[in-house]
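S.K.: For reference, the structure I am asking about is given below.
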Amino acid sequence: MEKLSLPQVTVLYFARSAELTGLREEELVAVPTPISSGDLWALLLRKQPRLVALQSRVILAVRRQYVAIGNQRLSLQDGDEVAVVPPLSGG
Amino acid sequence: MAQEVCSLKAQLEEKEKEIAHLKNKLALLEKSNASVLEVQDKVTPLNPLTAKPALSNEDIMRYSRQLLLPELGVKGQLNLSGASVLIVGCGGLGCPLAQYLAAAGVGRLGLLDYDEVELSNLHRQVLHGEENQGQAKALSAARAVKRLNSTVECIPYHLQLSPKNALQLIQQYDIVADCSDNVPTRYLVNDACVLSGKPLVSASALRMEGQLTVYNYCGGPCYRCLYPLPPPPETVTNCSDGGVLGVVPGIMGCFQALEVLKIASGQASSCGQQLLMFDAQGFRFRPIRLRPKQADCAVCGESPSVTQLIDYEAFCGSAATDKCRKLNLLSKDQRITVQEYKSVVDNSGLHILLDVRPLVEVDICHLPFSLNIPLSSLEQRKSEDIQLLQQRIVQLKQQMAGDCQPPVYVICKLGNDSQKAVQVLEKMSGSELDNITVKDICGGLMAWATKIDTRFPQY
Ligand SMILES: [Zn+2]
């Protein structure tokens, strides 16, 4: 029998998401995989409820690749990087 | 006789010198007159710009160090001479961008900004000097750029980009660089670029972070493909309230210059389907691969709903400026003016002055006897802060006769956060805190500085 272990991923917070969470990064342990991108976002919201302010106005990137928050199926591995990137508008 | 000849010769020589001097003076004046910069306060048609047929000896010397690059070469340099770039915003991003584009020999630069140079701009907007304070930024930037390279045609636009003028302006340029400082302008520039088919090299910066993407370029997404909905205005932080380390937009503006030069010279940009994020604190660059343009995008999609420019301030719910908005969350009896507060102080009225700014701002300046609890701590109900406030309320109650409610006056920089804090405190009054009377001090410390104590610092 193969031992089932759920991956641990690193979540990086940028711009407003770093302000809202007070964090630049955090570890997310035992993330179910495969997981839909919508469920991954919901998981982040449970962990950091204040992120709801960014709902549908944020870029989510997994392994430095844009994912649309919705039905996209993601296979996560240990050490994967998830980035939460709201737009910056200053200049 | 001989003496007279000598004297006449000397006089003639003197007059010839004078004539030569006058000719020189005239030539100089005429030359500087030819390069006088005329500020445009509206969009007018420009003469077509054509690339130089060949490089002059002066060009070869001036651009020699970049001509040596096989990536650019003579062909790339000639392409630059025929390229026009519109820079929207001559601030922290636009200054270094304009500087490098002019230095590299881009044919025509449109420099647009509606603001004037202020002292608080100089730490990041490095084309402007102390003597330019009060001048139109577009003109100040154009003059600085002209000094660097007089062969570049510079057109300063001292005007607000709007749905009325944006298309006419953007259509006249080959490449657009978004160096603006607010959300409505970002959507406006995006839509105008999509509608007129121009690549948009866009950068932004705040605090210690920057972002860069080339939109509407080679099948890549536009700004709306990524951000179909604008952020709620109350969640947007701008440089005037969030702060920014000058070198961060400096770095991002240089990256913009790099991508503009690649596109203008005929090489491809590598940022078309990429978002580059720069974390200056951790010194990390992180490219994120974006998806291609979206078929259902409102402006660049297959059946777009936005086919002409719209009202972007209404769309975003905020003004096209980075100046702070004035919130109006409270009723009149929940607020007092700085003059009224001054008389409370003068009459030694018992009260608590609660300063809800972040600690970093309290370190810049504060009123004596204020208690500092940042708005965010109140919102998050940080227990040690709430306890501290409760203690002060209890102390004050003991000093006060009878059982009236202790007054708490709330202050911040401009009077927005203090209103939010009043709302939070009113909810807590009588439950998490003893009963209090909470009032907002209108206009905050900056009103105090202008109306009560002019020695109080402004920032
Ligand atoms: Zn689009």
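Every residue, even glycine, has its Cβ placed from backbone N, Cα and C.
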S.K.: For the ATP site that TrEMBL describes with B:Asp113, B:Ser120, B:Asn121, B:Leu122, B:His123, B:Arg124, B:Lys137, B:Asp181, B:Asn182, which of these is also annotated: B:Gly92, B:Gly94, B:Gly197?
M.R.: B:Gly92
S.K.: For the record in TrEMBL, which of the ranges B:5-32, B:285-312, B:397-424 is the coiled coil one?
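M.R.: Comparing B:5-32, B:285-312, B:397-424 with TrEMBL, coiled coil matches B:5-32.
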S.K.: When C-beta separations to chain A are restricted to under 8 angstroms, which of the recorded positions B:Gly92, B:Ser120, B:Asp181, B:Cys222, B:Cys239, B:Cys300 qualify?
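M.R.: Qualifying residues, whose Cβ lies under 8 Å from chain A: B:Gly92, B:Asp181, B:Cys239.
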S.K.: Let me make sure I understand the span of the ATP site: among B:Gly92, B:Asp113, B:Ser120, B:Asn121, B:Leu122, B:His123, B:Arg124, B:Lys137, B:Asp181, B:Asn182, what is the greatest distance between any two Cα atoms, in Å?
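M.R.: Across B:Gly92, B:Asp113, B:Ser120, B:Asn121, B:Leu122, B:His123, B:Arg124, B:Lys137, B:Asp181, B:Asn182, the widest Cα separation comes out at 19 Å.
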S.K.: Name the residues of the same chain, 6+ apart in sequence, whose Cβ is under 8 Å from the Cβ of B:Cys412 (active site, cysteine persulfide intermediate)?
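M.R.: Those within reach of B:Cys412 (active site, cysteine persulfide intermediate), by Cβ under 8 Å and sequence separation of 6 or more, are B:Asp355, B:Val356, B:Arg357, B:Leu375, B:Ser418, B:Ala421, B:Gly444, B:Leu445.
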S.K.: Which one of these binding-site residues, B:Gly92, B:Ser120, B:Asp181, has the sparsest Cβ neighbourhood, judged by other Cβ atoms within 10 angstroms?
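M.R.: Counting other Cβ atoms within 10 Å of each of the binding-site residues B:Gly92, B:Ser120, B:Asp181 gives the minimum at B:Ser120.
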S.K.: From the centroid of the CB atoms of B:Cys222, B:Cys225, B:Cys297, B:Cys300, the recorded Zn(2+) site, which same-chain residues not already listed sit within 8 A by their CB, in sequence order?
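M.R.: Not counting the recorded site residues, we get B:Val194, B:Tyr215, B:Asn216, B:Pro221, B:Tyr223, B:Arg224, B:Lys293, B:Gln294, B:Ala298, B:Val299, B:Gly301.
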